[in-house]
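The structure appears right after this line, and notes come after that.
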């Protein structure tokens, strides 16, 4: 049986409490496609690598999508009303700010695909740690990987330069495009 359409403003009014850290998302549909409503703020330093594309739409406010594009670290600002299609296998860190809401659409993962969570050294940009898993429940699996990294200084120590990687961004280290 088909479900009813979602009235997004009404849904947010009634359910915004469901958008909780560290991922701040709620899965609205989870069949051939996963549709998530995502709120801010969040505070993560990991880069997610999904083998399939991800579609981002910013319903309220702007977000920053930190990416590694052909080996270069850069920030993509997705403003209110804008959408962006991220190609598969692109390391990305979605940064969401207070009072922002977006929609993310992902394909259901084929059985042979592996998602990865990668942390880079803020000093030398080497990979500090990588966790991998077949994604069946994005919210719980990403949260578990983030919590494991947060709680283990050995995982967070760069083997190249010895710097302890941050598990969350330092206050003030990310410019909020909503206040410029």
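Here the Cβ of each residue, glycine as well, is placed from N, Cα and C on the backbone.
Around the Cβ of residue 44 (O2 binding site), 25 further Cβ atoms fall within 10 Å across all displayed protein chains. Sequence annotations record features per position, and here Swiss-Prot assigns O2 binding site to 44.
What Swiss-Prot lists as Fe cation binding site is 48, 54, 92, and the listing cites sequence analysis. Within 10 Å of the C-beta of residue 48 (Fe cation binding site) there are 20 other C-beta atoms, taking all protein chains into account.
Marked as substrate binding site by Swiss-Prot on the basis of sequence analysis: 54, 96, 106. In the three-state DSSP assignment, the secondary structure recorded for residue 54 (Fe cation binding site) is strand. Less than 8 angstroms from the CB of residue 54 (Fe cation binding site) sit 85, 86, 92, 104, 105, 106, each of them six or more residues away in the same chain.
If you look up Swiss-Prot, you'll see 121, 124, 158, 161 marked as divalent metal cation binding site, on the strength of sequence analysis. Residue 158 (divalent metal cation binding site): 20 other CB atoms within 10 A of its CB, across all protein chains.
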Could you check which of the binding-site residues (96, 124, 158, 161) sits closest to residue 44 (O2 binding site), going Cα to Cα?
96
Work out how many Å separate residue 161 (divalent metal cation binding site) and residue 48 (Fe cation binding site) at their Cα atoms, rounded off.
23
So if I measure Cβ to Cβ from residue 121 (divalent metal cation binding site) and keep only same-chain residues at least 6 apart in sequence, which ones fall under 8 Å?
127, 128, 158, 160, 161, 163, 165
